[in-house]
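Engineer: Before I ask anything, let me first share the structure, which is written out below as structure tokens.
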Amino acid sequence: MPPTVTAAEPVTTTGHVLPGEADYHALNAMLNLYDADGKIQFEKDREAAKQYFLQHVNQNTVFFHSQDEKLDYLIENEYYEREVLDQYSRDFIKSLLDRAYAKKFRFPTFLGAFKYYTSYTLKTFDGKRYLERFEDRVVMVALTLAAGDTELAEKLVDEIIDGRFQPATPTFLNSGKKQRGEPVSCFLLRIEDNMESIGRSINSALQLSKRGGGVALLLSNIREHGAPIKNIENQSSGVIPIMKLLEDSFSYANQLGARQGAGAVYLHAHHPDIYRFLDTKRENADEKIRIKTLSLGVVIPDITFELAKKNEDMYLFSPYDVERVYGVPFADVSVTEKYYEMVDDARIRKTKINAREFFQTLAELQFESGYPYIMFEDTVNRSNPIAGKITHSNLCSEILQVSTPSEFNDDLSYAKVGKDISCNLGSLNIAKAMDSPDFAQTIEVAIRALTAVSDQTHITSVPSIEQGNNDSHAIGLGQMNLHGYLARERIYYGSEEGIDFTNIYFYTVLFHALRASNKIAIERGTHFKGFEKSKYASGEFFDKYTDQVWEPKTDKVRRLFADADIHIPTQDDWKQLKESVQKHGIYNQNLQAVPPTGSISYINHSTSSIHPVASKIEIRKEGKIGRVYYPAPYMTNDNLDYYQDAYEIGYEKIIDTYAAATQHVDQGLSLTLFFKDTATTRDVNKAQIYAWRKGIKTLYYIRLRQMALEGTEVEGCVSCML
């Protein structure tokens, strides 16, 4: 019997409203209006979520008479990947669906439900009908990642549907679908200083963007504008034309995938084209050089800060000459270490700019555009446990892994395949993880899920990405809902207790993540390539955990862990883990990275990443539907005080919180800085210096609160008044 549909309209944002019922969009808007007693109407948003199903989702969902009918239809019509389901018995698949549906999951917010149905769920090929509910998507993700392991599939369903673990968008969106992109979030590529590498990088960017991932590229090794080519002076065009080629490539590849084509480029602060590079983001930049859609990142070593502190000039070095003198690409040389040696070396062409003016320019641009991102090169490499150099980050500034150069033949085939980087991401909801019946298991299941993403990804069109993934099995376990959790427990973000919790939480997560990776290495009898040269193998990584006691400094945090029945690892625990790691290794070269978590935090009902909320009631513009309102998780009319927004909290407390987490994270954390509209470029520079001093690894966007509408707020409007 063919499936039936209960309504004839396509999937649009309008629904069928019965007389006397409020439209779900109108109900959601009431979240932004106080009631007669001056209270926020949280119940209106819950009602909006309910009405969204009654008025819209249920009426546009294909109805099947049984699970068998549904599964057969989706496989035969090439909606689901047969290979995924063939790893299990039909009885098991049905029992897993029953397990998911028995949880009685409900979206707590309208935006969560709306995001899920517009962006993630499987639809008919004409886009007019829904073929999955949330439970079906969770089951398909679990079946895909568990790869035939029924016990892991059951655990994954529990962790995801209970909201403790949320795979990143590409994994959650694509898993189990026949027509799909890759489950990987993003990629990082190096470009070397030759035409073959540049040409191949453009092709790689197209290939990766087509598959739905953001791509970040390193430009630091490209010879500067005016450098010689084949010993003829003033020939090179520098980095700007390459940026233009990349920007056009991403806008083209955008047409092929479900996600926007997105790219970032990173340049070293001591590259002679640095000002040209930054000028591409100026509002008044000439169209010939203006870069509108590429994200920009700058790699800044310690020496740049030291020169600015002394108000000295900073020298910019020709990458072409540096590579000739040192025999390695510019990005692989430590500028801090070799700075004065390079200044004195007559073979290396150099120009100079004022170091303070450079920082002033950075701040001006961040005011204008929010860019560039910043990577603190020496901080990143000092805390890197893996042999080799980290040269740049990704589109969200949280991926920090070692890459190595590739070499190409004239026809752009690989003469030597280097190591490039892919990001296999997913995040824990801190509040739900703290509520977990088994904290260690929650982390282990998450690590196994992310490892599966790495194991199942084969991007053969870009051999350096494939090589890097096969060698490293690198993953990035993230975190979200820190502010939501702290507020729920009546702790202020950035307070002594807030920072204490962040420290101990990340400390405990690290222990269990390493232990899980060590377990996988033991089970498979192998570890990541290059483990022998790592600080894990030497034992150096573990010194800070075995040589000192890590425990809560405040009674409140001690109590939170005790009440949650979560054991805080002791020095003895670390000694045992160190012994096992040195003996058997770990499977994943990298384990943690904290991304900004956009859409998945709405579905999971979390505050995004580990930064504070930008507002108590967030306003989002969502396609044709227009304004949608999202209430901060766990917020009630009784605990509003604990939801100070990021602009009120200020950069110091945000940086202090991130610093507490950073010391336990092998990669990076997306850190956005928020400033009130009264801020100056001096304030931005002070924040950058404070972040550098505190051991922060990267800075993501700068956000300025726009107060242009001051004095025009609607009376009694929550998002304006709070």
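Each Cβ is built from the backbone N, Cα and C atoms, and glycine gets one as well.
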Engineer: Taking G127, G214, G226, G426 as the options, which does Swiss-Prot list with T169, S185, C186, N394, L395, C396, S397, E398, P596, T597, G598, S599, I600 at the substrate site?
Structural biologist: G214
Engineer: Which site among D193, E398 has the most other CB atoms no more than 10 Å from its CB, taking these as recorded positions?
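Structural biologist: Its Cβ has the most other Cβ atoms within 10 Å: E398.
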Engineer: Within 10 Å of the Cβ of Y700 (site 'Important for electron transfer'), how many other Cβ atoms are there?
Structural biologist: 26
Engineer: Can you grab the distance from C423 (disulfide bond) over to N394 (active site, proton acceptor)? Cα atoms, rounded to a whole Å.
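Structural biologist: So the Cα of N394 (active site, proton acceptor) lies 9 Å away from that of C423 (disulfide bond).
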Engineer: Of the recorded positions C186, N394, C396, E398, S599, which one sits closest to R223 (site 'Allosteric effector binding') when you measure Cα to Cα?
Structural biologist: N394
Engineer: Which of T169, N394, T597, S599 (the recorded positions) has the most other Cβ atoms within 10 Å?
Structural biologist: N394
Engineer: Specify the nearest of the recorded positions C186, D193, T597, Y700, Y701 to N394 (active site, proton acceptor), where nearness means the distance between Cα atoms.
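Structural biologist: So, spelling it out, the nearest of the recorded positions is C186.
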Engineer: Of the recorded positions listed here (T169, C186, C396, E398), which is spatially closest to Y701 (site 'Important for electron transfer') when Cα positions are compared?
Structural biologist: C396
Engineer: With an 8 Å cut-off on Cβ-Cβ distance and a minimum sequence separation of at least 6, pull the same-chain contacts of C396 (substrate binding site), or say none.
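Structural biologist: Residues satisfying the criterion: C186, G214, P595, P596, S670, Y700.
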